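First the structure, which I've put down as structure tokens, then a few questions once you've had a look.
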Amino acid sequence: MKVINLIPTLTLTSLIILTLPITMTLLQNNKTNCFLYITKMAVTCAFAISLIPTLLFLQSNQEAYISNWHWMTIQTLKLSLSFKLDFFSLTFMPIALFITWSIMEFSLWYMHSDPHINRFFKYLLLFLITMLILVSANNLLQLFMGWEGVGIMSFLLISWWHGRTDANTAALQAMLYNRIGDMGFIMMMAWFIIHLNSWEFQQIFLTNPKNTTLPLLGLLLASAGKSAQFGLHPWLPSAMEGPTPVSALLHSSTMVMAGVFTLIRFYPLMENNLTIQTSTLCLGAITTLFTAICALTQNDIKKIIALSTSSQLGLMMVTIGINQPHLAFTHMCTHAFFKAMLFLSSGSIIHNLDNEQDIRKMGGLYKTMPITSTAIIIGSLALTGMPFLTGFYSKDPIIETANMSYINTWALLITLIAVSMTASYSTRIIFFALLGQPRYPTLIQVNENNPYLINPIKRLILGSIFMGFFISMNTIPHTTPQMTMPPHLKFMALAVTLLGFTVATELNNMTHNLTFKQPSRMHTFSTTLGYYPTTTHRILPYLSLTMSQNLATTIMDSIWLEKMIPKNLTTMQKTAASLVSNQKGLMKLYFLSFLLSITLGLLITL
């Protein structure tokens with residue numbers, strides 16, 4: 001059998017294995033504990049099988065397309081189920097399966113007391129299937145099905161603890177912001193079906209239509225909603241109300257990458273459209289700076305990591321904006337490892353400290369939780385781009401390529417400022433959570449000696465150290481960037497990172513025991529997330545409701561209910577009363593006048 005035939009066969013085999021636990025729940029009751037282990041084993045087997053087509057592709061460099069089920073025909077439009085197995089899909093699928101395997105094993109420890117843990121695992125598996133459909137889709141309809149699938153599963157998993165009002169509000173907020181982005185996606189689908197009469201990627205890219213600014217703007221809007229870019233970003237920090245495994249899987253390594261992945265998928269249309277490239281660059285630059293500023297003063301450990309995720313997503317958008325989609329994809333893959341590990345480590349701390357998420361109430365955990373502390377330190381160093389960790393192999397080329405770029409200097413400048421802030425908020429987590437004296441109640445028993453907790457974190461530690469090298473070595477850039485930066489400037493990047501660590505540590509030491517009488521405006525701006533939630537979720541609805549109430553009061557009450565009926569009726573009654581009041585009741589005078597008129601008439605006739 002040829003290599004090209006093995007790739008689709010093994011890929012579909014891994015997808016079929018993932019559907020087996022779902023099928024099992026339809027045939028029999030899934031309330032037994034064995035369902036959890038069957039689901040985890042299915043994901044593990046699918047991961048092992050998915051490695052084979054990935055390695056075969058890297059060896060042969062032959063893409064594969066599967067189109068084996070014709071769905072329906074509408075006039076001249078043929079809709080079919082088709083998969084595109086290229087570098088992007090075959091590289092991302094094993095990464096998604098590996099991270100899901102680790103997070104499911106972590107969930108056996110984190111969610112062990114939840115009475116509905118079987119349903120939780122089923123939701124995670126359904127999300128994974130829809131995510132794999134999204135990355136392997138070969139047409140817009142199938143891509144949209146995966147796109148909506150991950151959105152629905154995100155809604156269900158954020159609101160998992162539906163007894164909490166904040167969780168329900170966060171899930172609804174995520175759904176509404178993503179619906180705004182879906183408007184752009186539907187507009188893009190409508191444009192392509194009107195102008196090209198096809199949703200197949202090959203036909204769209206081969207036709208290469210002109211004036212694609214409108215559909216690509218719709219795609220950018222959709223990606224901004226799904227990947228939490230500026231303007232549509234507030235849902236991502238709020239989504240931390242869900243369980244930590246949900247944050248680790250959906251909101252750091254897979255679902256939020258869907259918007260960036262879709263932009264990477266459409267790079268053949270974007271590479272010649274300077275308007276879209278500039279818009280993507282500026283949007284990503286604003287996002288990465290804004291969310292980095294907001295992360296500097298947050299005290300919730302999960303929100304700090306969530307805002308750093310949004311900042312890294314902005315960095316990926318910047319990379320796409322400077323026409324380096326393969327570099328953005330490399331950063332997307334490497335980022336998944338250490339960000340999932342950071343979330344699992346924070347979940348370990350939160351669970352051991354009785355659901356405490358404030359980093360000011362932690363401290364001294366490097367003694368009681370050494371493995372978790374090691375994971376947080378390695379993840380933070382990888383996030384800052386420390387040499388020879390996973391993040392270095394993608395973040396350093398992005399910075400170098402951006403510095404050598406000659407377009408939109410202000411966007412590149414604020415991107416570099418945002419990248420330098422990464423070391424500050426990473427050091428802040430390490431300083432407050434791991435160092436110093438314990439600030440949590442002494443009665444809390446901290447224990448991380450559980451294989452379901454330690455093993456996933458250990459696997460992700462290995463991925464955060466070694467996978468960046470392997471991914472970067474097998475990624476061929478679409479356009480070769482001009483690497484003309486002098487060596488001393490390259491060392492300056494490392495020096496700036498170390499300087500950020502040093503400054504953040506000194507500031508934390510200096511201000512640790514100080515109390516601020518009145519925070520500065522910049523501190524308040526960062527703490528309140530740039531006043532964005534207050535403006536969009538409080539002030540604008542308040543103004544809208546106030547205006548609606550005033551209009552309703554003025555039109556309904558003052559005009560209709562008051563003027564039209566009571567006052568108008570009173571006016572009519574006054575008019576009738578004035579007419580009636582002219583009758584004085586002087587009967588003798590009336591009869592005398594009547595008699596005089598008759599007499600005068602008779603005299604005239606005579």
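Any Cβ shown, glycine's included, is placed from N, Cα and C.
Just so it is clear, the model here is predicted, and its values are computed rather than measured.
I grabbed these lines from Swiss-Prot:
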{"type": "TRANSMEM", "residues": "3-23", "note": "transmembrane segment"}
{"type": "TRANSMEM", "residues": "38-58", "note": "transmembrane segment"}
{"type": "TRANSMEM", "residues": "87-107", "note": "transmembrane segment"}
{"type": "TRANSMEM", "residues": "124-144", "note": "transmembrane segment"}
{"type": "TRANSMEM", "residues": "216-236", "note": "transmembrane segment"}
{"type": "TRANSMEM", "residues": "276-296", "note": "transmembrane segment"}
{"type": "TRANSMEM", "residues": "328-350", "note": "transmembrane segment"}
{"type": "TRANSMEM", "residues": "369-389", "note": "transmembrane segment"}
{"type": "TRANSMEM", "residues": "404-424", "note": "transmembrane segment"}
{"type": "TRANSMEM", "residues": "460-480", "note": "transmembrane segment"}
{"type": "TRANSMEM", "residues": "483-503", "note": "transmembrane segment"}
{"type": "TRANSMEM", "residues": "586-606", "note": "transmembrane segment"}
List, by number or range, the same-chain residues at least 6 past the transmembrane segment (216-236) whose CB is under 8 A from its CB atoms?
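Contacts with the transmembrane segment (216-236): 147, 151, 170, 173-174, 176-188, 191, 251, 255-260, 262-263, 266, 269-270, 273, 276, 279-280, 283-284, 286-287, 290-291, 306-307, 309-310, 313-314, 316-317, 529, 532-533, 536-537.
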Need a quick answer: max count of Cβ pairs under 8 Å to the transmembrane segment (460-480), which of 38-58, 87-107, 124-144, 404-424 is it?
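The listed stretch sharing the most Cβ pairs with the transmembrane segment (460-480) is 87-107.
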Going along the chain, which residues at least six beyond the ends of the transmembrane segment (87-107) come within the CB cut-off of under 8 Å?
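Sequence-distant neighbours of the transmembrane segment (87-107): 7, 11, 14, 39-40, 43-44, 46-47, 50-51, 53-54, 57, 63, 117, 120-121, 124, 128, 131-132, 135-136, 243, 245, 248-249, 253-254, 261, 264-265, 329, 332-333, 336-337, 340, 344, 347, 452-453, 455-457, 459-460, 463, 471, 474-475.
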Hey, which of 124-144, 328-350, 369-389, 404-424 has the most Cβ-Cβ pairs under 8 Å against the transmembrane segment (3-23)?
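Top-ranked stretch among 124-144, 328-350, 369-389, 404-424: 124-144.
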